[in-house]
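To keep things clear, I will list the structure first and then write my remarks on it.
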């Protein structure tokens, strides 16, 4: 395995670790509605950071975006909005299926859809079937799916042991939402694929290869922001017991604390895709769709490890922790299989 591929896998791991940790600051926010908290974090992660970093990277910000016609920008934006729909459904999936089953099904579906649909769309799925490296990377995808399933099972055992139940368990509704979430969340993978002309244009301007994907985030995350912020603002305006005015009528120190914590959560959310771009840049071009598989499987891996570090599994017993450990090992094996496949 080459150093470039190894570093690509490593940066995807760092990005996934940030994704697994980003909600921790949000949990410290007090006396705010979820909608206000999510909006403040989202404004930082989907608007302020992408625009600021792109302005720093590009020699002429407006000229860069002005060179693309609508046929290039619209698919990138719409795939970003597609991801935004999946993001909203993610929380609803947890409500009706519970954390472990919801995450397992949604992540499993988005891993498969986001990874395998891209080569199908590009018309090069035969690379996966008819080359040795392609078959090995395909094997890695399915091994990762097994690892996600094992970690999901560990979570179910933990929830059963600790008496944790879904907020409003509804199998039919939950499964439907999990499928919608899984499919629509893959929009981020499709957006990165559609944004290749933007990446190439950034490279032509002399932007470092590690950073060429970052300017496209202005458009991708703009689509996601439209859906997420629109959802939050509509709820804040329509739902009786929600009020942004009330949220900002708290004591000044608490408001400042909540803003800073929400902004930190937004920063950590953004960093997952900052390092995703670094990892993506190191993956061989013919296998660039494997970035999504690495990100999502490492997200599950890091989520389990973060849970152990934060002692969320302390009272779960030995068996759930053993099953979790097995799932994490399987995901690590899957990443190595994919890495070897890309190198062959």
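Residue 1 is the first one shown; counting continues down the chain.
Placed from the backbone N, Cα and C atoms, the Cβ positions cover glycine too.
Feature annotation from Swiss-Prot assigns transmembrane segment to 4-24 (among others).
Sequence annotations record features per position, and here Swiss-Prot assigns transmembrane segment to 38-58 (among others) based on sequence analysis.
Feature annotation from Swiss-Prot assigns transmembrane segment to 68-88 (among others); the stated evidence is sequence analysis.
Within its own chain, the transmembrane segment (101-121) has Cβ neighbours under 8 Å at 86, 90, 93-94, 127-128, 141, 144-145, 148-149, 151-153, 155-156, 166, 174-175, 178-179, 181-183, 185-186, 188-190, 193, 289-290, 292-293, 296-297, 299-300, 303, counting only residues six or more beyond its boundaries. Marked as transmembrane segment by Swiss-Prot: 101-121 (among others).
Annotated transmembrane segment per Swiss-Prot: 137-157 (among others), in sequence order. Sequence-remote contacts of a segment are chain residues at least 6 beyond its ends whose Cβ falls under 8 Å from one of its Cβ atoms, and for the transmembrane segment (137-157) they are 98-101, 103-105, 107-108, 111-112, 115-116, 128-129, 287, 290, 293, 296-297, 300-301, 303-304, 316-317, 319-321, 323-324, 326-331, 333-339, 341-342.
Tertiary neighbourhood of the transmembrane segment (175-195): same-chain residues 75-76, 79-87, 89-90, 92-93, 96-97, 102, 105-110, 113-115, 117-118, 121-122, 213, 216, 219-220, 223-224, 273, 280, 288-289, 291-292, selected by CB-CB distance under 8 Å and a gap of 6+ residues from either end. Positions annotated as transmembrane segment by Swiss-Prot, on the basis of sequence analysis: 175-195 (among others).
Positions annotated as transmembrane segment by Swiss-Prot, on the basis of sequence analysis: 214-234 (among others).
Marked as transmembrane segment by Swiss-Prot: 259-279 (among others).
Look at Swiss-Prot and you will find 290-310 (among others) tagged as transmembrane segment.
The feature transmembrane segment is assigned by Swiss-Prot to 321-341 (among others), with sequence analysis given as support.
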| message | Under 8 Å between C-beta atoms and at least six residues away from its ends: which parts of the chain pack against the transmembrane segment (321-341)? | response | 1, 5-6, 9, 13, 132-141, 143-144, 146-155, 157-158, 287, 290, 293-294, 297-298, 300-301, 304-305, 307-308, 313
